[in-house]
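As annotated by Swiss-Prot, domain 'tr-type G' applies to 5-225. Among the features that Swiss-Prot reports, GTP binding site is placed at 14-21, 91-95, 149-152, with the record citing sequence analysis. The annotation Mg(2+) binding site is assigned in Swiss-Prot to S21 on the grounds of sequence analysis. The region 'G2' feature in Swiss-Prot is assigned to 70-74. Marked as region 'G3' by Swiss-Prot on the basis of similarity to another entry: 91-94. Here Swiss-Prot flags 149-152 as region 'G4', drawing on similarity to another entry.
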Amino acid sequence: MAKEKPVLNVAFIGHVDAGKSTTVGRLLLDSGTIDPQIIERLKREASEKGKAGFEFAYVMDGLKEERERGVTIDIAHKKFESKKYDVTIVDCPGHRDFIKNMITGASQADAAVLVCDVNDAKTGLQPQTREHIFLIRTLGVNQLAVAINKMDTVDYSEEEYKAMVDMLSNQLLKMLGYNPANIHFVPVASFVGDNNVKKSDKMPWYKGPTLVEVIDTFNPPEKPTNLPLRMPIQDVYTITGVGTVPVGRVETGVMKPGDKVVFEPAGVSGEIKTIEAHHEQLPKAEPGDNVGFNVRGVGKKDIKKGDVLGHPDNIPTVAEEFTAQIVVLQHPSVMTVGYTPVFHAHTAQVACTFMELQKKLNPATGEVKEENPDFLKAGDAAIVKIMPTKPMVIENVKEIPQLGRFAIRDMGMTVAAGMCIDVKAKNK
């Protein structure tokens with residue numbers, strides 16, 4: 001059995017017209033991920049429709065239609081192998097759920113690839129590009145690469161490419177605290193397949209790696225085993241002859257049988273008897289492990305989804321109130337003091353009230369634009385004071401980042417995303 005490659009979750013971000021899906025499609029196609037039979041069939045259809053010469057776009061459209069027809073080739077589609085990693089492509093922003101999933105941990109991206117159109121150097125950066133970068137920065141994604149796409153539309157000009165690199169570096173990346181010197185920029189033409197997987201012969205001036213080689217320069221996610229134990233509860237079962245079995249995913253720290261544990265905000269404690277995953281007993285559970293465990297001294301009625309488990313010497317923080325930095329993504333009107341939407345943090349969903357709007361920030365630079373604003377609207381970034389309407393666990397993002405981020409939902413949509421930068425504990 002060959003050792004499995006580590007999994008790397010990569011978010012592809014950028015303006016919708018920059019050629020994001022073409023870039024993803026090209027990576028999947030040229031790395032041999034899409035079933036050759038499907039490609040053959042689409043090639044045949046292309047030539048029957050007089051589109052011979054195997055047009056890549058036709059394959060991409062064909063895949064899109066397959067999805068619309070409900071054929072399940074979606075999964076294979078979103079994964080490909082590089083030399084070093086099994087790369088999972090995390091759905092890009094634009095999907096409303098992307099933000100919620102990123103924050104609730106369903107699909108934490110380890111790195112991001114920003115896809116830009118080289119022609120933006122002439123027309124200016126798209127606002128969506130700024131928003132996406134600001135968002136992944138807020139969500140704690142620090143590894144970034146940039147694919148400068150559509151090089152075929154500027155005759156593979158080094159000058160145009162450099163102009164785009166300069167504009168991104170000076171007008172965006174530096175402002176958001178990324179150091180452009182540490183970021184790989186790659187000139188690509190995804191439509192024709194230059195520099196995605198196959199090295200291009202059209203840009204002799206570019207000596208650097210292809211996009212897939214750049215993905216291999218990202219660091220694998222580190223397991224935060226050195227942080228205090230935190231495990232949000234996803235569900236609680238009662239199993240005959242065993243007792244209460246909570247299930248969830250360890251976010252930080254390590255949990256072992258025999259450990260004394262505390263659940264907050266429930267305020268109950270117990271002792272771990274056994275830990276299981278896929279019907280096998282485990283000697284310990286580490287970050288990323290989805291496990292069920294049997295706990296002595298805790299009844300099914302005592303704990304619920306949204307409670308967080310920790311060790312007695314460092315219990316999860318129950319917030320009386322907290323200060324947060326948020327970015328408002330979409331809202332039909334405005335947010336004012338007294339607004340009480342639902343906060344989604346780890347597995348908890350709790351209505352929380354905006355007590356103070358302290359500062360409005362420039363979303364591109366983080367600088368203070370206005371003290372004590374009267375309201376916030378879509379596109380604003382701000383520092384606010386929040387009070388949960390019932391007990392909830394949230395941590396300072398500087399101490400335990402995995403439990404410091406949240407999405408704010410209202411009217412069936414994600415209206416804002418943010419992180420807790422200071423918390424006043426009720427239980428410490």
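Going from the start of the chain as shown, residues are counted 1 onward.
Every residue, even glycine, has its Cβ placed from backbone N, Cα and C.
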The region 'G4' (149-152) - residue tally per DSSP class, helix then strand then coil:
2 helix, 1 strand, 1 coil
Just how many other Cβ atoms lie inside 10 Å of the Cβ on K20 (GTP binding site)?
22
G14 (GTP binding site): tally of other CB atoms within 10 A of its CB:
27
Can you tell me how far the Cα of G14 (GTP binding site) sits from the Cα of the residue listed as 'Mg(2+) binding site', in Å?
10
